[in-house]
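As listed in TrEMBL for this protein:
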- 414, 415, 416, 417, 418, 419, 420, 421: ATP binding site (BINDING)
- 34-50: compositional bias 'Polar residues' (COMPBIAS)
- 393-717: domain 'UvrD-like helicase ATP-binding' (DOMAIN)
- 1-110: region 'Disordered' (REGION)
- 487-506: region 'Disordered' (REGION)
């Protein structure tokens, strides 16, 4: 085959490189044309004249030489390079991405994160996985109520745990129990979603500049562990310094944190949400570390990294509700049919029963009541407890529960001041006494939705119990920071100091029955005895009799609460008690110091978790909040209670009530008042769908469940109680003998006034930033009342300002702020309590001042129901008007309040005050002229 030489039209010759083969040719022949050639000329022929080849890279001498601009090094007027190459561009893109932030997950990853979580996953990971697998930006977008982002996010959260979002209010009953629980579980998730969205919005509304500096932590990730089964990660954070008190309070199981790598800009896209899984105080205080669960797989470089860690919110109550609603144990409770709206149990005997049936049982019921009165007066009853006396209605309510059959529910409605706490203390005392005769000692769980309600009830029970004669094992379980703080405050309310932990009174304090300080209180007791033998010690003021009694009590507590106490410890405690008894009668003290040293050494070696489970299992009566009833200590001890009592049941959501049901009680006693404030639910959507409705309210009003109404009040002067009784309770509440006596009505009050007065103030309301309201004219009247009280009583009554004597209540937070600020100028801000109606439920005081605030600028304006807001809520009005013992002073614009649409109760209140002639027009001169204060 002959070769074919292609025709070459153009060549390039570089004449200044004589040894270089010209471009376009090769040693073997011409090449194909090059489309990128920079210089061309016709192919030379034999007749053409030879001309020099022009070098395209060389300028002619006639042209002015200019420097060649290298595009790779060119800069702009600011000195920045114009051209950015591939690697440099990638580097800069990475920097911008770090600063601006990008979603942590890709769309594919996010789709995987939206899949339903396996049911084999533990409930904590399922709950937080459903929430925190979503991007923080999604929560931030969902904070806008005008968008539908929250609905899409809620639906996604529900989908991850096999639930379905819904758009209609809850029904009273459902035929399918699973549907009953699942719908409420979906609302609990919406409430949790709202809590995260609200806090993230608060933090990020100013581009991340709103971090709480006192709580923000700068930590290093010491260790990152991936959980293969769930693709979740655990970060162990370490601090180089001790955590502050505020930080320790936030680092609790269930607290949600936002974590941002320090090498990234503070941006919502760079946030990783996690939840604290352990709250071991030793890890926090000694080792300065804690663990956060992140509901996604973190890259390896997350380890040994500096982080900004900021607390967002705590969702422990929502977690416990979700666990209860998705637990099979709740559905197995014996009285579940009654809870779901089934037929009223046949055991129930209440006032509304038929007269014939009531007559047949009257003799038996009278004998039952007399039986308990005899027990109260018996040697056994009086030696162990000082059981409160009850009125006939209270006694009937107590008997209904104590004599009830298994698998039953009892409801008691307790209006303000009708002695709910007195009734419950009596029931608990008698329950224990009755259990002493049982073959298997019963175990009673006493709950309430708030720490305050739990501590009040527990303190009253301890006061009724004689610890020297009664072997009842009482336990308090919950959050130490809240329960013990509330206990301390309750002492201060009465103008008393909390008993020091190292005194004999400590044996009766809340700390001595609190689970997590129980063994420490025992150790401190023995240390108190030990300090007696140290010269110069304060304990030297105690007698040997005191030391003997203290040792006897401590030994008794150990043996009663820990039946399996090691023989070594039991022998040491008994030996110590015997030796102190011997010394009391003149024996020698030699060897006591070594004995105490040995005993304390052994006690300090106790394994805390083991002690906690044993204490729970040996307890006769356990006090805790509803949320705490779902704590790990109960699960680990495999506790099952015999019966359940819930105080303030109407102030708890229905999901909260289900938490202690996991401990499978046989009977339930719910005590509360649906006509007072319900539980606080912050999600507007969850509120509209019925999450605020309590189990107590649903059973009473929607399922027509039988209940007992406590019908005698012992708190308010009759002039104060008459309107609430008529308006809210159909005049069924009578006044007790104590409040009807002349000595009670002449108690501490403004002498020139009646127990109930409406002070007419022609002020003008102001709406503040955030929507709350204040009224400065009413503020001035309130401050003048307090100033006069201080002027006349501070010299004779040092505790005139205590919350037990005077309380200022208002419906708006802006008014609380305004009054507090004005009190501060008078030096009273830290003394006189100013509170909203919501935070005043369960409180009472000798004198209560209520500021209504609302008074439109236009004196003839009519506020519609939406504008009137809190004042249209009868339950808030009921609480506000029933806190006072001796005198209630309402401060407001009566003429304006009477024109509010939808505020029927407020209109009737104004009309009642006018009819009774207790309205007084107020100004500064009238106050100064008329006020005569306490005890005249």
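In case you wondered, yes, glycine gets a Cβ from its N, Cα and C as well.
Annotations in TrEMBL come from automatic prediction, not curation.
The structure displayed is predicted, hence computed values, not measured ones.
Please go over these features one by one and say how buried each is and what sits next to it.
Within the same chain, residues at least 6 positions away in sequence whose Cβ sits under 8 Å from that of residue 415 (ATP binding site) are 673, 675, 709, 710, 713, 724, 725, 728, 729, 733, 882.
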Need the DSSP three-state call for residue 420 (ATP binding site) to compare against my parser.
helix
Identify, in sequence order, the residues in the chain of residue 414 (ATP binding site) that are 6 or more apart from it along the sequence and have a CB within less than 8 Å of its CB; answer 'none' if there are none.
420, 423, 671, 672, 673, 710
Please compute the mean pLDDT of the model over the domain 'UvrD-like helicase ATP-binding' (393-717).
89
Have a look around residue 421 (ATP binding site) and count the other CB atoms within 10 A of its CB, chains all included.
18
Which residues, same chain and not among 414, 415, 416, 417, 418, 419, 420, 421, have a CB within 8 angstroms of the centroid of the CB atoms at the recorded ATP site?
673, 710, 713, 714, 715
Are there any residues at least 6 positions away along the chain from residue 419 (ATP binding site) with a Cβ closer than 8 Å to its Cβ? List them or say none.
390, 391, 394, 710, 712, 714
